[in-house]
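These notes concern the structure reproduced below.
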Amino acid sequence: MAKHKRKGLEGTGKESKRQKITPAEETPRTSEAGPDKETASTLVQEASPELSPEERRVLERKLKKERKKEEKKRLREAGIAATQTAKVQTLPAKPSAATLALEYLQGWAQKQESWRFQKTRQTWLLLHMYDEDKVPDEHFPTLLDYLEGLRGSARELTVRKAEALMQKLDEAEPEDSGGSPGKVQRLRQVLQLLS
């Protein structure tokens with residue numbers, strides 16, 4: 001029976017501990033932050049004889065919210081844009097599709113264990129392999145090696161597109177439609193490799 005009484009006393013002890021916390025004890029914490037907080041804690045202390053502990057906590061929360069609003073307002077006026085630009089600078093920029101595809105190709109060439117097939121990267125490489133700006137000359141031999149292993153419909157489609165592009169360039173050659181010699185050379189290399 002005595003144990004039950006002690007449990008009952010502990011339960012009330014917890015409640016009384018909550019009630020014992022007064023704003024006066026919290027004053028050192030609040031006074032460290034600034035003058036606005038000091039005035040808020042004095043307001044709570046002045047009202048403490050009249051207010052219950054619950055009402056004091058509610059009042060403290062309201063005052064804390066008001067302080068936060070004022071602080072945000074001051075920051076906005078001071079130029080919060082500076083902090084926003086700092087956040088933007090800390091975020092890493094996403095790599096472009098070109099860099100991702102070229103890294104994919106280099107990973108394949110080095111036979112890295114982390115390399116795995118990615119259809120989107122392969123598609124990008126197949127679409128842009130004739131463009132010297134997007135796939136530099138230094139990466140093109142590696143791309144040709146990659147194309148040797150190309151299988152299935154991707155291989156057939158690449159051959160068809162290369163043949164169609166070659167016919168288009170041959171027909172437009174007398175007019176010189178802008179087919180660069182590098183592009184034509186790349187087309188021939190791809191056709192020789194895959195045909």
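Glycine too: its Cβ is placed from the backbone N, Cα and C atoms.
Here is what Swiss-Prot records for this protein:
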type     : residues : note
REGION   : 1-78     : region 'Disordered'
COMPBIAS : 8-18     : compositional bias 'Basic and acidic residues'
COMPBIAS : 26-39    : compositional bias 'Basic and acidic residues'
MOD_RES  : Ser41    : phosphoserine
MOD_RES  : Ser48    : phosphoserine
MOD_RES  : Ser52    : phosphoserine
COMPBIAS : 53-77    : compositional bias 'Basic and acidic residues'
MOD_RES  : Ser96    : phosphoserine
| task | Under 8 Å Cβ to Cβ from Ser52 (phosphoserine), same chain, six or more residues apart: give me those in sequence order, or none if nothing qualifies. | result | none
| What does DSSP assign Ser52 (phosphoserine), in three states? | coil
| remark: Cβ atoms other than its own within 10 Å of the Cβ of Ser96 (phosphoserine), all chains, total 10
